[in-house]
Amino acid sequence: MTTPSTEPWTVLRLLQWTSDFFKSRGSESPRLDAEILLAHARDCERIELYTAFAEVPSDEQRIAFRELVRRRGEGAPVAQLVGFREFYSIPIRVDENVLVPRPETEHLVVEAIDQAKRIAATVADRPLRILDIGTGSGAIAIAIAKNLKDAEVVAVDVSLAALDIARWNVEKQKLSDRITLMQSDLFEALQADAKFDVICSNPPYISQSEYDSLPDTVRNHEPRGALLAGQDGTEIISRILADAPAHLFPGGRLVLEYSPMIADSCKAMAEGSGKWNDIKRIRDLAGHQRILSLGQTA
Ligand SMILES: C[S@@+](CC[C@H](N)C(=O)[O-])C[C@H]1O[C@@H](n2cnc3c(N)ncnc32)[C@H](O)[C@@H]1O
């Protein structure tokens, strides 16, 4: 029989215990999760924990940490627990009404900015215009606006609760003068003649069967409407492919995130429509098809 340890609950010991606990609960990044949550409870930067391993957190900090650990153990995403996720080196506020921005989506931002810069060289007399469909937390729109200094960005989402978070993030980044937020079912609330140089979207693209097999931490804690797109996952993308051409300036570009599961069918859909050319596919760091970038047929 082991006797209970009388060692103090130092920062290091808390991290070790919590990492083991999260590992047993199936976390893919148990140590990182523990560090982010302990830093949050101590109101310090994560890096500061490394010089505080021998310190014993206050009772108040330990109570706050214990509650975070409990909720993480039940599957709540770390980003929701601390209220933020870094995206494109920008802190983005999140809650249960928005998808936590994923690192793969940074590939979409890179491609959208590259395409916009290429187009900017041909457009001298007006600001670039970018549309972000399904903006969620506003992460993509904000990353693009911060990196294209004069661009005007319109960001739409069907969810009013998501738009509230996006508005908070846009204001925090002082971008309200260049990012317009709108509630819209895809293009529906836009003026019929509204045109953009780049339309980008990380839309819902998960099929019903993939959704049913997602980990609890995603299925129970992130909005279903941000993920699920009909039986085969292409419901929203097929609508975007059909309607985007009417909203692109000549020479404009559509940049979409999708999953490897639907990559071939989306490419075939785009080719079959006759509306798109110069079709480029980009893989993520794991080597999976992730981004579809399309030029509009003249
Ligand atoms: C995968 S999330 C992407 C969120 C954010 N852009 C990101 O990359 O982190 C998809 C977003 O599309 C929104 N959405 C779903 N259906 C939509 C529709 N028909 N029209 C507009 N937005 C929609 C959801 O509310 C959700 O915010």
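Backbone N, Cα and C define each Cβ position, glycine as well.
All annotation found in TrEMBL is predicted automatically rather than curated by experts.
Here TrEMBL has GLY134, THR135, GLY136, SER137, GLY138, ASN202 binding S-adenosyl-L-methionine, and the candidate from ASP114, ASP157, ASP185, ASP216 in that same listed site is ASP157. Within the domain 'Release factor glutamine methyltransferase N-terminal' (14-83), the DSSP-based counts of helix, strand and coil residues read 48 helix, 0 strand, 22 coil. Sequence-ordered, the extra residues of this chain that approach the substrate site, with Cβ no more than 8 Å from the Cβ center of ASN202, PRO203, PRO204, TYR205, are GLY134, SER201, ILE206, ALA226, LEU227, ALA229, ILE236, ILE237, LEU256, GLU257, TYR258. Cβ neighbour count for THR135 (S-adenosyl-L-methionine binding site) (all protein chains, 10 Å cutoff from its Cβ): 30. PRO203 (substrate binding site) and GLY134 (S-adenosyl-L-methionine binding site) are 6 Å apart (CA-CA, integer value). Across the domain 'Release factor glutamine methyltransferase N-terminal' (14-83), the model assigns an average pLDDT of 96. In three-state terms derived from DSSP, GLY138 (S-adenosyl-L-methionine binding site) belongs to neither a helical nor a strand segment and is classed as coil.
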